[in-house]
Amino acid sequence: MAREQLQVLSALDAAKTQWYHFTAIVIAGMGFFTDAYDLFCISLVTKLLGRIYYYRDGSADPGSLPPNVAAAVNGVAFCGTLSGQLFFGWLGDKMGRKRVYGMTLMCMVLCSLASGLSFGHTPTGVMATLCFFRFWLGFGIGGDYPLSATIMSEYANKKTRGAFIAAVFAMQGFGILTGGVVTLIVSAAFRARFDAPAYQDGAVASTPAQADYVWRVILMFGAIPALLTYYWRMKMPETARYTALVAKNAKQAASDMSKVLQVEIIEADHNDSGKKEEEEDFGLFSKKFGKRHGLHLLGTTTCWFLLDIAFYSQNLFQKDIFTAIQWIPKAKTMSAMEEVYRIARAQTLIALCGTVPGYWFTVALIDVVGRFKIQMMGFAMMTVFILGLAFPYHHWTTPGNHIGFVVMYAFTFFFANFGPNSTTFIVPAEIFPARLRSTCHGISAAAGKAGAIVGSFGFLYAAQNQDKAKADHGYPAGIGVRNSLFVLAGCSLAGLVCTLLVPESNGKSLEELSGENDQRQPSPPPPAHARTVPV
């Protein structure tokens with residue numbers, strides 16, 4: 001590795017925490033805020049969509065989305081996200097992080113707005129339009145995963161890198177929480193303005209015509225926070241590690257970092273600045289990559305896959321679980337707006353008590369405890385609490401025990417977020433070479449979204465009552481919520497085992513972890529002429 005590159009990277013690793021680090025967290029984090037809002041807000045309005053577009057005249061229960069439509073509406077964004085993670089992850093290594101970063105944000109903004117539009121008024125036309133735009137919304141969201149993680153890891157110093165990447169990911173918690181709050185406000189406003197009876201008291205009147213605006217407003221709101229950060233995202237320079245290690249322009253890397261991080265690097269004359277160590281330039285499918293990082297990539301992909309089966313199946317179908325334990329009343333006893341309000345209130349409470357705190361516990365402790373221990377602990381505690389829900393499930397469903405269920409349920413989300421949901425995002429951004437970092441993170445994240453697809457499609461059917469007569473309209477008999485929880489506990493336990501394939505990255509430079517400095521001595525302290533100036 002050329003001496004110019006060493007000076008840039010050593011200065012970055014030793015740089016003190018500065019104002020621009022926090023600016024970068026907000027800029028990258030607002031993308032994740034939008035990601036979470038857009039991915040999870042759909043679960044708040046699917047029951048409303050069923051009432052509006054699939055009303056069954058004379059039925060004792062409100063309309064609901066047919067199984068194939070419900071699966072498509074809930075899962076199509078994940079299919080787009082998976083595609084976007086692979087495509088933009090690869091493109092980020094080929095074109096650079098900065099050039100691709102704006103593309104993903106504009107894709108998210110435009111498709112968030114378009115998701116609230118529809119061609120025609122027929123159920124088929126509205127659902128087809130919704131699914132089409134949510135696929136491309138997911139495509140843009142997918143790009144944000146590898147790019148945001150990679151950019152933050154390459155900007156950060158060695159000491160606090162984990163906390164910085166975790167802080168970007170923690171914005172997801174605020175996105176989920178905001179989705180619930182926005183839905184509460186919108187549904188409460190419409191409920192107050194357009195009073196409607198319960199379904200059992202007036203089937204048609206329980207869903208006023210204005211309800212069609214509610215889901216559109218909720219979905220379109222996701223474009224606002226992303227749009228606000230577009231200018232600052234475009235002003236971010238390319239990361240120094242990409243410029244120095246991939247583009248091979250250490251002088252430009254030093255110049256860029258001196259502007260935003262206030263790191264001054266005075267170049268010395270030497271003869272090796274133009275050399276490229278060809279032996280370092282192995283590809284993703286080479287034997288050398290397989291030998292160095294094959295097991296690492298297997299570990300990051302399997303852990304993320306298994307986590308997301310459990311995490312997304314529970315998150316997307318909270319409303320079904322809460323209905324099953326009778327925390328939310330039967331649909332026929334509520335109007336459409338009342339049902340949306342109660343679902344949003346339940347999910348907001350879970351986000352506030354379990355989801356958001358878990359993310360910030362990770363931010364506080366990840367550089368103290370380490371990634372490996374947090375991930376192991378998180379998978380273990382998820383297994384324990386899901387089993388705690390599953391074994392005495394009949395106890396939790398009896399009147400008077402619902403609060404205990406909600407507390408246990410919140411703890412599963414707390415330890416998911418203070419555990420593998422955060423670490424599976426952080427580690428792939430640290431342990432792979434710079435020229436493959438975005439690609440490998442995209443592959444790992446895509447494996448996670450494959451798990452989310454399995455969870456969202458599979459849980460929809462699996463959680464149905466074992467008695468077909470008691471299953472939701474149009475669904476075959478399933479294995480029930482209790483047995484589904486046992487399956488999710490098994491996934492968490494398998495994730496704990498697969499964590500053994502993932503190395504600890506705490507306290508090491510990115511070049512040490514990726515093996516990019518194998519040809520030299522470990523990183524020296526920054527030279528006297530490379531100094532950092534805190535803001």
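Numbers here mean position along the shown chain, with the first residue as 1.
Even glycines carry a Cβ here, placed using N, Cα and C.
Please treat TrEMBL annotations as automatic predictions, because they have not gone through curation.
Copied over from TrEMBL:
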TRANSMEM  20-49  transmembrane segment
DOMAIN    24-507  domain 'Major facilitator superfamily (MFS) profile'
TRANSMEM  69-88  transmembrane segment
TRANSMEM  100-119  transmembrane segment
TRANSMEM  163-190  transmembrane segment
TRANSMEM  213-232  transmembrane segment
TRANSMEM  349-369  transmembrane segment
TRANSMEM  376-396  transmembrane segment
TRANSMEM  402-419  transmembrane segment
TRANSMEM  440-463  transmembrane segment
TRANSMEM  483-502  transmembrane segment
REGION    509-535  region 'Disordered'
Counting only pairs at least 6 apart in sequence, do the transmembrane segment (213-232) and the transmembrane segment (100-119) share 3+ Cβ pairs under 8 Å?
yes
Across 69-88, 100-119, 349-369, 376-396, 483-502, the most C-beta pairs under 8 Å with the transmembrane segment (402-419) come from 349-369
Hey, does the transmembrane segment (69-88) touch the transmembrane segment (440-463), meaning at least 3 C-beta pairs closer than 8 angstroms, sequence gap 6 or more?
yes
Recorded stretch, among 69-88, 163-190, 349-369, maximising Cβ pairs under 8 Å relative to the transmembrane segment (100-119):
69-88
On average, residues of the domain 'Major facilitator superfamily (MFS) profile' (24-507) score a pLDDT of 86
